[in-house]
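J.: One structure follows; several queries about it will come next.
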C-alpha cells in the first residue's frame, strides 16, 4: 500500500513519534499554555457571537443597498452577503486579544463606495462597536473597529454574481471571473487559509507547531511583512511544508526540524505546498522565468491558491540574513531541547535588538492630527524596506536591521511654534503620553465630533491652556558596520539613502506638509529612549573609548551625520 504524498516531493521521514518525542510534545504544549497563547472557551464563544452579529449586519447592509437600487423586496432578501474569516482565526491559532481578520463578500450590485457610505454608518450606530477607523484609500480598503471588545479588521470583496447565499464557498476559481484585482487579493486571504489547512497531514500537529513558530518569531522580532520579515501567512506556509515532509511527526519534532531545514534550504528555491496551477483569469502568476521581479525574490514562499503569489516579496538582503541567523540560533537551542538539556522556554527568549548594535537610525513620522497620523505613519512604515535596501548599498554598512514595530507618542505642546519644532525633530522638554493605534482611532473619532468653532488664543472657556498635540510614530533600524581589519571606517555618509526615502514618502498623493513630516536621526544605543525597553530591563552601557585616532574620527563622523527633514 502506497503512502499518500503531501506536497510536491516525497516525505523525508514517515516514522511515528517516539515516547520521548511525545513527552517533549506535551512539554511544548504546556509551555504554550504557560505563555498564555490559548484563549478560554468563554472568549472563543464570544468570538462566534460577534461573527454571527456581523453576518446579520452584512445581510441587512446588502438588503438596504439592494432596495436603494430599486430591487423588489424578494430580490433584496435573496441578494445575501456573507462574512468569511481568514488569517490566524481561520487557521485556529488565535490567542487572547487577537483580532479577527474578516472579509465581507457581496453581490455585483454592491460597490466599494457602499461599503464605506452604508456599512460604516451602520457599524457606528451599534453600541457594541467602538474605536472605529476607516481607511478607504488603502490599496486593500479596510474598516477597523472593536465589537464587544474584540478587534475586527474588515475588508471587502465584490463577486460578479447576482446573489451571495449563506452556503457559498470560495474554493471555485471561476468565482474570480470579472472580479477586480483588489477583490481577488481580499478573497485570496480566505482561499489561501483554507488550502493550507487542506494541504497538511494532521491539522492539530500543524496548529500547535504554528503557534510555537509564530510566538518564537514574535519574540525574536522577525514577524512583520511590511518591514521585510515574513508575515503570518508566510510562517504558516513554512510550517505546513515541514509538516508535509514529516507527515507522522508530532509538533515538537516539526518545530525542531523547522529551523534546520529552512536554514539549509537552497534559497531562492521556492517553498511550494502544491504545484502552481493555471486558472481562468488573465492575471499574473508568480513565475521567475517570466518576470525579472519574481526572480529577485530572496526567500520565495508561494501561496497555494490561484493565482499564486509570493508572500515574502518584501524580504531584503539584510532581513534574510537576520532570519537565517535567528534560525541557526533557534536550531541550536532546539537540538538541546530535544535531548532534554534545555526547556522549551529557552526557545522563546526575548530579542536583544536594542542591545545588539551601537548605532541606530530613528525614523519618526509626525502629524498634527490623529486622523492624519493613522494614515501617514502607515505610509512611512510601508516605505521603510526601501530605506533598508538603499542603506544596504552604502559601502560602510554591512547590514540594516529594521525593528518590526513602531513606537507611538503624543506630545502635548503649549504653542503652535513648539508643535512645529517637535514635528520637525527638534528635541524639546515637552510633556508626552504613550499611545497606540487604538488611541489614535479614538482621537480620530473625537476630532470628528469636536466643534469646528475657532478656539480662543489663550485657551478654552474654563481657563485651561490650549494644547497643541503632535502625534508621532518612531521606527528603528540597527546598523551593523563593515569590519575590515586594519581599515577603520572614516566616514559614513547616508545622506543619499535618507534623501531618497524622504522623497519617496512625500510623493504620496495625500501628503500635506502643513500637517505631516518625517525625519531621521542617528542615535547611539546608550541614548535610546525608555519606551523601547521593558520595565527593569538593563540598558546598554557606554563602552570605553579606544585610543586610536581613526576609531574616534569614525565615531565623530557618524555622530555629526546630519539628516535634514527636507
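Using N, Cα and C of the backbone, Cβ positions are placed for all residues, glycine too.
From Swiss-Prot, for reference:
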BINDING   86, 87, 88, 99, 100, 101, 153, 214, 223, 232, 233  ATP binding site
BINDING   99, 101  Mg(2+) 1 binding site
BINDING   99, 101, 153  Mg(2+) 2 binding site
SITE      144  site 'Interaction with RNA'
SITE      313  site 'Interaction with RNA'
SITE      314  site 'Interaction with RNA'
SITE      385  site 'Interaction with RNA'
REGION    437-463  region 'Disordered'
SITE      500  site 'Interaction with RNA'
REGION    530-566  region 'Disordered'
J.: Find, among the binding-site residues listed as 99, 101, the one whose Cβ has the highest number of other Cβ atoms within 10 Å in the structure shown.
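T.: The residue with the densest Cβ neighbourhood is 101.
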J.: Rounded to a whole angstrom, what is the C-alpha distance between residue 101 (Mg(2+) 1 binding site) and residue 500 (site 'Interaction with RNA')?
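T.: Cα-Cα distance, residue 101 (Mg(2+) 1 binding site) to residue 500 (site 'Interaction with RNA'): 34 Å.
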J.: Rounded to whole angstrom, what's the largest C-alpha distance between any two of 86, 87, 88, 99, 100, 101, 153, 214, 223, 232, 233, listed as binding ATP?
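T.: Pairwise Cα check on 86, 87, 88, 99, 100, 101, 153, 214, 223, 232, 233 gives a maximum of 20 Å.
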J.: Helix, strand or coil: which one is residue 223 (ATP binding site) in, per DSSP?
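T.: DSSP call for residue 223 (ATP binding site): coil, neither helix nor strand.
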J.: Identify, among the binding-site residues 86, 223, the residue whose Cβ has the fewest other Cβ atoms within 10 Å in this structure.
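T.: Fewest other Cβ atoms within 10 Å, among the binding-site residues 86, 223, is found for 223.
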J.: Say you check the Cα of residue 223 (ATP binding site) against those of the recorded positions 99, 144, 500; which is nearest?
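T.: Answer for the nearest of the recorded positions: 99.
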J.: Checking the recorded positions 88, 313, 314, which are within 10 Å of residue 385 (site 'Interaction with RNA') at the Cα level?
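T.: Correct set: 314.
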J.: Between the Cα atoms of residue 153 (ATP binding site) and residue 99 (Mg(2+) 1 binding site), what distance do you get, rounded to the nearest Å?
T.: 7
J.: Cα of residue 88 (ATP binding site) to Cα of residue 99 (Mg(2+) 1 binding site): how many Å, rounded?
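T.: Between the Cα atoms of residue 88 (ATP binding site) and residue 99 (Mg(2+) 1 binding site), the distance comes to 9 Å.
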J.: Determine, to the nearest whole angstrom, how far the Cα atom of residue 233 (ATP binding site) is from the Cα atom of residue 500 (site 'Interaction with RNA').
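T.: Each residue's Cα considered, residue 233 (ATP binding site) and residue 500 (site 'Interaction with RNA') end up 31 Å apart.
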J.: Round to the nearest Å and give the CA-to-CA distance linking residue 99 (Mg(2+) 1 binding site) with residue 313 (site 'Interaction with RNA').
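T.: About 24 Å separate the Cα atoms of these two residues.
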